[in-house]
Amino acid sequence: MTARIIDGKAVAERLRGQLAARIAALPFRPGLRVVRVGDDPASGVYVRNKDRAAAAAGFDSATIHLPADTRESDLLMLVEDLNIDPAVDGILVQLPLPPQIRPEMVIAAIDPAKDVDGFHPVNAGRLAAQQPGLVPCTPKGVMHLLREAGARLAGARAVVLGRSQIVGRPMAQLLLAADCTVTIAHSRTRDLPAECRRAEILVAAVGRAEMVRGEWIGEGAVVIDVGINHNGAGKLVGDVAFDAAAERAAAINPVPGGVGPMTIACLLENTLEAALARRGAH
Ligand SMILES: Nc1nc(=O)c2c([nH]1)NC[C@@H]1CN(c3ccc(C(=O)N[C@@H](CCC(=O)O)C(=O)O)cc3)C=[N+]21
């Protein structure tokens, strides 16, 4: 089997076009504020891409850049200002934060109604409790890609590789809500290759360059590679050894051009959702 390539860049472009059309019909511009503290280089790429996409889709978007030595209390005051600012619908505080700032304190300070990352414990709880709320962008983007790939989810064996608060756990919740039989595998799982091989849907989110080998892929599986890693040669690669996996998978996304662009498109989707919900138009 040679896999169909899932073009995340194209799917993201289409989603952003749909969002732009919906925003053009609104009497207001949804407002997004991204807060960046310090100069983490990976964050720089993300913030630039996001700014461009948000502006093109018609959002009122701005990045607030604070120095690396910002005190936690000052960041918390900024978040409070954004919470009460009626022009702001979505707040994203870029992670990672410098060591003097506790990320869980900052996340907890964001109004859950403006938490477009979906990281606030209230939104994590709503997802687990099957209540409406803001869903983390990367897992939401993966669900879009699975539907695009034509994956049959109901009853399918889905394996999520990775148990992070940001990707693995919410990913498992969304797959469960779509009626998959979900396994969360991780670094302490006894036989990772065997667990992966059983998967009809495999979502790899471990952050280790090409850790998932071709032999780990079941014949005909739909594989979503969430990882964005630099390999030894400094090249961007996923968590999955793409060429070998593509010989067995039914469908797989490349990296770059897979989940990354979907994360940004879903951030915009969440910002529009938050804007409508805040105005009671949900
Ligand atoms: N509060 C918060 N929320 C985040 O969602 C968040 C964050 N902090 N901190 C950093 C990570 C990383 N992240 C990316 C999103 C898109 C691409 C992306 O579009 N990548 C392109 C490639 C970009 C390149 O060429 O380097 C792709 O995969 O095709 C990358 C990285 C969001 N993050």
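The backbone N, Cα and C atoms fix where each Cβ goes, glycine too.
All TrEMBL annotations are machine predictions without curation.
Taken from TrEMBL, the feature domain 'Tetrahydrofolate dehydrogenase/cyclohydrolase catalytic' applies to 6-117.
Annotation source TrEMBL lists domain 'Tetrahydrofolate dehydrogenase/cyclohydrolase NAD(P)-binding' at 136-276.
If you draw a 10 Å sphere around the CB of Ser164 (NADP(+) binding site), it holds 17 other CB atoms from the protein chains shown. The NADP(+) binding site annotation in TrEMBL covers Gly162, Arg163, Ser164, Ile228.
Taking Gly162, Arg163, Ser164, Ile228 as the candidate binding-site residues, the subset whose CB lies under 6 angstroms from any atom of ligand 1 consists of Ile228. For the NADP(+) site, whose binding residues are given in the record as Gly162, Arg163, Ser164, Ile228, the maximum C-alpha distance rounds to 16 Å.
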